[in-house]
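S.K.: What TrEMBL records for this protein is below:
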type     : residues  : note
DOMAIN   : 657-820   : domain 'SSD'
SIGNAL   : 1-29      : signal peptide
TRANSMEM : 316-335   : transmembrane segment
TRANSMEM : 410-429   : transmembrane segment
TRANSMEM : 658-679   : transmembrane segment
TRANSMEM : 691-715   : transmembrane segment
TRANSMEM : 721-746   : transmembrane segment
TRANSMEM : 794-820   : transmembrane segment
TRANSMEM : 869-892   : transmembrane segment
TRANSMEM : 1204-1230 : transmembrane segment
TRANSMEM : 1242-1267 : transmembrane segment
TRANSMEM : 1279-1297 : transmembrane segment
TRANSMEM : 1317-1337 : transmembrane segment
TRANSMEM : 1349-1372 : transmembrane segment
Amino acid sequence: MELSRSWRFRLLLSISLFQVLFIHSGVRAQPSNAGVKHSEEYCAMYDICGARSDRKVLNCPYGSPAVKPDALLSSKIQSLCPTITGNVCCTEAQFSTLRTQVQQAIPFLVGCPACLRNFLNLFCELTCSPNQSLFINVTSISKVNNNMTVNGIDYYITDTFGEGLYESCKDVKFGTMNTRAVDFIGAGAQNFKVRKKNQGANKGKVQKPVVAVAYLIYSLHEKHVWKYWFAFIGRRAPPNVPGSPFAINFLSRAPESSGMKPMNVSTYSCADVSLGCSCGDCTSSPVCSSTAPPSLHKGGSCSVRIGSLNAKCVDFALTILYILLVSVFLWWGFVHRSRERNRAFRMKPLSDGTDGGELHSVNRQKDENLPMQQILEDATQTRNRIQLSIVQGYMSNFYRKYGTWVARNPTLVLSLSLAIVLLLCLGLIRFKVETRPEKLWVGSGSKAAEEKQFFDSHLAPFYRIEQLILATIPDTPHGKSPSIVTESNINLLFEIQKKIDGLRTNYSGSMISLTDICMKPLGQDCATQSVLQYYKMNPENFDDYGGVDHVKYCFQHYTSTDSCLSAFKAPLDPSTALGGFSGSNYSEASAFVVTYPVDNAIVREGNETEKAVAWEKAFIQLAKDELLPMVQSKNLTLTFSSESSIEEELKRESTADAITIMISYLVMFAYISLTLGDTPRLSSFYISSKVLLGLAGVVLVMLSVLGSVGFFSAIGVKSTLIIMEVIPFLVLAVGVDNMCILVQAVKRQPLEFPLEGRISNALVEVGPSITLASLSEVLAFAVGSFIPMPACRVFSMFAALAVLLDFLLQVTAFVALIVFDFLRAEDKRVDCFPCIKTSSSYADSGKGSGQRKPGLLARYMKEVHAPILSLWGVKIIVISVFVAYALASIALSTRIEPGLEQKIVLPQDSYLQGYFNNVSEHLRIGPPLYFVVKNYNYSFYLKDFVSEEAFDVNLLSSESRHTNQLCSISQCDSNSLLNEISRASLTPKSSYIAKPAASWLDDFLVWISPEAFGCCRKFTNGSYCPPDDQIEFTNSDSFSSSLRAALLVKLLVAWLDCAKTVPRSVILFKFSGLIIDYFGILQCFHHSDLLNDRPSTAQFKEKLPWFLNALPSSDCAKGGHGAYTSSVELKGSENSIIQASSFRTYHTPLNKQVEIDFVNSMRAAREFSSKMSDSLKIEIFPYSVFYMFFEQYLDIWRTALINLAIAIGAVFVVCLVITCRVVCSIFPILTYADFAPTFKCSFWSSAIILLVLTMIVVDIMGVMAILKIQLNAVSVVNLVMSVGIAVEFCVHITHAFSVSSGDKDQRMKEALSTMGASVFSGITLTKLVGVIVLCFSRTEVFVVYYFQMYLALVLLGFLHGLVFLPVVLSMFGPPSRCVVVERQEDRPSVSSQQ
């Protein structure tokens, strides 16, 4: 150990001596030598005579004849500069300097051989051409350490060469950074003035030694051509700034008298087959131009232009359809009206008539307000009989007997029903609530979920994101925000970072900080994305690096300057750390975007994830308590988010609207109590009121909800917050209707009947319609269980069972409670206090007439509403208006966008509301997009490399050409995956792909390429050798003490042989050469070792791990460690199959308020991957972190239409099944005897109900389009539920119409008189009062998806049920099912039959 330290000290001391030795003196410009000879085989400058203070070497300005190199140097020059043969104008040191400098640029360009060849030729000719003096003229010299050196030259090149170089290199990609190589190598060229201004601030910084050649390849953003690049790169670079050490004046024409002529070495076209580039690097290639362009997702729509009006085709078609329908309807109405008048004129003497071929009662002396059952029971001469189906007969008979039994045994019925529900409630012991977003909104069979699982398990889970957005405030409401890149704001950001670095949180007894959980790509520093990385996250560097000027400098040089590299040793793209800028004007950014990537885990319940969640909670609390006030005091805004923020805010949402929901329940309860009672009279109100009955009904509703939750909890189904908040309200709204209808049906019965008779008759009258409506609702809710989104599927399941239990409790427990309540009233006991008995005359209040006086609402329906709807003109208007709105709604529904904004499901006071707004406003980069390749076979397809005669077909099964089908460098297929991704990035508006993909495969093939001689290297023992700037010889285990001693001796000998004037860079180069020669460092491959520049299966297998572990550096920027560590799954790759690998790019910014961008981007990526999979016969799929949550929207319209069709069809089928062949609206209210089913009547009634239900749903969708409500699983569930709820607005009116007698207008009036009031008060108003309260909700999702949609449902249901449906029935309704039957004998009362 001591010996090792001693040798280390001596070696470092020797290097220090070299550094002290080569301290340079001042530099002084001198005029150039006159009369320099310009001829072939003559040099303009030869050898190295000095170096600048930044170690850049300077040539000697002396002309001399070209020199014949020795064989070794000649072979070296030929390997790099094949156009130079024979004599040369460069020494070994000059050539070595050239080779060292271009070494850094070669990895960026080697993928396009034509560009690389042209690139090298330019500077090979400049450095070593034997005819150098013909196109190089030294124009200025300077004195360095008493040596004359070149300070400026004229370099004559032809336009042909300059343009050829430009065309061959302008599109070359640099995959690691997802950008063009010209943007990476030529960083800063587009802002030379800014750089010159800031060069003083950056003086003394250590720069990457990128030679002037790097700046040649510059800027797709410039409109001008190659001359402007040369004008830029010819500028003499200031000290410590990348560029040429002396001025180069590029000219295209030499003076005629000088005898000089421009350099005109042949250039290679990137379309040249022999040195061709891939399509991704050369769009002008003939192969690429013949390749079909990528298919793009287009959402174009058909339109029709009429004059200056441009209408969508669907709008135009529906308008024409409406005109035709109205025309046909008016013609039919005119003809029908004329026939009726003629018929009435001919049949005027007749006292009675028939309607529709059916016989009707000739004795209509009954009061229309009496129940229809009594009209039939008490007829003296004739009676009406209803035609029934078999099922209707059984149902009528069942309800008659059941009603009598319940009235006689209310205690038993109430006890049994409550016992069963309470038994179900025991399942609440296992009650659990699901709050994880991925479990709420993503189905288990989701394709995106399966792809995420594959990505996480084979590559790496996408990191957790903690983010801060610090932004300036606009000067005016619509003005531009000022730049945030100021000294005070950067210092504020350092203060914020200091607090975050000091944040500690307790987890299981240990303190967790950011460094414990953050992502560390190179294993040391956190990969924090912040502008502070340009100062290495150290506030002390702010002044040392030059303050604000440094960060602005780094915006343009983040890839080429060491001082701009991040603390985690990687370039930081300014677009990831800034926001609110346009183009690449980073200095104008209005926001700092600070992102903390945190390691994620596949298993959510693991310790690592729980540690991260604990820190995230502390992070959010710190932001609220300390960071937010700190930022606001500086007149800035701060928004923040963590990976667990949405989940935590969803939990908080459960209590955000508790008061609002409770008020809604109380309002509905108060209305129920008021509605169930009789017309208030001061003398008997305390007896006639039904407060206790209403309260009991509400309790039954809550028990039905608890029973449903208990049952599903018992079988292991987790509940959701929305179930606890919405289902009670929903079941209460549905259940109130049936409670009101039941109570009012009992109250309509004659008081002279005994209570059990009234209960029995009431159940016979309304029981079947309640059954149908409830079963339709249950079925409609159950259909929602087919929706793949778990939250909505579970909601539908819970709601269906809750509605079913509520219906069963209503016909059991609630009927029993009605019996108790009427017994209480008849016994003159006070409501709410039944133990108190009074002497009120309530029980005898209606005995005289045998009936109760109809209420105000019933009289309105009979005397005002029905007569108005009977007017022919009103009917025309009603039909025209409703059909017009229905067709308009169809047109509007095409404008409904799929999606569900995240911020809409959060409380309005959530801190995430501002965060989502800032994300939309400031972010300029989209989410990462990965194209994942499964089962990549990297073995050779030998047919590509051997002759037909030598080809063995038996090898086909084990060989593959996947490599060329995936890569995008030279020799790759023109339609390869990466070439197609590059093409797609050229049309980002339709492909949603922002950049070419970062390709580990391309970089690996370049890394092992012989041209990239600084990358893949090995020692003679076969172990990996890193690039020169990474070798730590004093610490490496590869060097023993004796080897270190021998190395030091050789180093000292070399130093003693060198003159003091030799530049330090030359000594260091010789030092490096000694190491290479002594230890036998070799390149991994020569061209002869590869087949068409592709490694064999064994070579691929051996070198891929080297590449993935190689650190990137100046000498080899293609190292894969960090950038591609998680891009390739090495496990199982021994059999030449890589099970999973990914290629990373980015989506375009998806920052619109509506989320259609997210849906379209996912659809476009999937279409692209599907096309590539089919074309290449390789399984490829796209993955982005948001896909899992947005997959449902790809087919949301299909899901919605299918579920709606099933729901409406299910209601129709239930009606037919219940009535055998009769539709749901035709229900018996009489006895089983004398039934006669009529198929024609049933089908026509069902068609009318089907029409009304469809119109209600379509109209709701029209309202959604008007209110800009998006289509998602929540709105689909609401639409499906609207089918079940809308049934209630239809069945009761249609049922009353079909069993009434008279002509159609009379039957319509009778139906409105008997059931209109119940539908309005028991169905419309009960829902309306509860829905209105929801508008005060603090959570926007309640306001949008429950208040607005439910309010639309209630109003549209009311208008269709009480306006449109009666008009349709009066014009197109089915014939009456009432017939006249002679009375054989007096029938006893219903009760006496039992």
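Every residue gets a Cβ built from N, Cα and C, even glycine.
Map these features onto the structure and tell me what's around them.
M.R.: If one looks beyond the transmembrane segment (316-335) by at least 6 residues along the same chain, the residues whose Cβ comes under 8 Å of a Cβ in the stretch are 304, 306, 872, 875-876, 879-880, 883-884, 887-888, 890-891.
Here the transmembrane segment (691-715) has long-range neighbours at 418, 421-422, 424-432, 665, 668-669, 672-673, 676-677, 723-724, 727-728, 731-732, 735-736, 739, 743, 794, 797-799, 801-803, 805-806, 809-810, 813-814, 817-818, 821, 831-832, 834, meaning same-chain residues at least 6 beyond its ends whose C-beta is under 8 angstroms from one of its own.
Cβ atoms under 8 Å from those of the transmembrane segment (794-820) belong to residues 403, 406-407, 410-411, 413-414, 416-418, 421, 424, 434, 693, 696-697, 700-701, 703-705, 707-709, 711-712, 717-720, 722-723, 726-727, 730-731, 734-735, 738-739, 742-743, 746, 755, 759, 763, 767, 770-771, 774-775, 777-779, 781-785, 787, 1277, 1280-1281, 1284 of the same chain, restricted to positions at least 6 beyond its ends.
Remote same-chain residues near the transmembrane segment (1279-1297) are listed as 372, 730, 733-734, 737, 741, 769, 772-773, 776-781, 783-784, 796, 799, 803, 1200, 1203-1204, 1207-1208, 1211, 1224-1227, 1245, 1248-1249, 1252-1253, 1256-1257, 1260-1261, 1307-1308, 1310-1312, 1314-1316, 1318-1319, 1323-1324, 1327, 1349, 1353, 1357-1358, 1360-1362, 1365-1366, 1369, 1373 (criterion: CB distance under 8 Å, separation of at least six residues from the stretch ends).
Through the fold, the transmembrane segment (1349-1372) approaches residues 865-866, 869-870, 874-875, 878-879, 882, 1248, 1251-1252, 1255-1256, 1259-1260, 1263-1264, 1269, 1275, 1278, 1282, 1285-1286, 1288-1290, 1293-1294, 1297, 1304-1305, 1307-1308, 1311-1312, 1316, 1319-1320, 1323-1324, 1327-1328, 1331-1332, 1334 of its own chain, all at least 6 residues removed from its boundaries and within a Cβ separation under 8 Å.
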S.K.: Please average pLDDT over the domain 'SSD' (657-820) for the predicted structure.
M.R.: 80
S.K.: At a C-beta cut-off of under 8 Å, are there same-chain residues at least 6 beyond the transmembrane segment (410-429) that contact it? List them, or none.
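M.R.: 703-704, 706-715, 805, 808-809, 812-813, 815-817, 819-820.
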